[in-house]
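S.K.: Attaching a single structure in structure tokens format; questions to follow.
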């Protein structure tokens, strides 16, 4: 079932459509920092998308992204409403030679531009683990675990499964040298939208990809991927990204497959 936005999972634990953030009282057509409380919380957008300043990549933590929401007084044309508008680009799902389905751009995409969301069912940990362990080794695994490391040591986890309900993001392939990177963007609540932005200028016809492990555009060690045990190698899938730094296998995170 195609859905442009994430939905509550079958376990009913998390409803991504629930509005829990207060709205801003800005009366301007487009909010500006630092007056707008939404922008005051974190990162802001440029005219194209996410600002990719090189100095920010050297900071130990990136700033969070909060968009204006349905309770805000600003208009629908506010610059701080980007990911919530959904897909605005022409993309194509196509059959690749070795990687199954893939997605390519049908128009040039400039660096920093929002491309699409990775949407699906938002699950709690128990249901995400149950579904992962119920999969046969040959079945594709679409469940994405995103972990946000806070400055105080806490880790926020979000599990999205587009296996049954999802959007075009489910067809994006992994690359060890990708042209997209993922940013959790919050609009109405603490449940983030998993937004994919262009990490470089992308040409029309180029396949779109991101790093499933979270290593790309993140600090070393931010990923929970580890060197797998020998018996785990049978569960891993080969990587066909073809990049110079290819790790030979797709990223592996055993947390959803391990039992207490």
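Just so you know, glycine gets a Cβ as well, placed from its N, Cα and C.
Here's the feature list from TrEMBL:
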- 22-86: domain 'Pre-SET' (DOMAIN)
- 89-213: domain 'SET' (DOMAIN)
- 235-251: domain 'Post-SET' (DOMAIN)
S.K.: Go ahead and report the DSSP secondary structure tallies for the domain 'Pre-SET' (22-86): helix first, then strand, then coil.
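M.R.: DSSP classes over the domain 'Pre-SET' (22-86) add up to 11 helix, 6 strand, 48 coil.
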S.K.: Using a Cβ-Cβ cut-off of under 8 Å, list the residues of the same chain that are 6+ residues beyond the ends of the domain 'Post-SET' (235-251) and lie near it.
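M.R.: That would be 98-99, 137, 173-177, 209, 211-213, 215, 223, 225, 228, 257.
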S.K.: In the domain 'SET' (89-213), how many residues does DSSP assign to helix, to strand and to coil?
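M.R.: Helix, strand, coil within the domain 'SET' (89-213): 14 helix, 53 strand, 58 coil.
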S.K.: How many of the residues that make up the domain 'Post-SET' (235-251) does DSSP mark as helix, as strand and as coil?
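M.R.: Within the domain 'Post-SET' (235-251) the tally stands at 1 helix, 2 strand, 14 coil.
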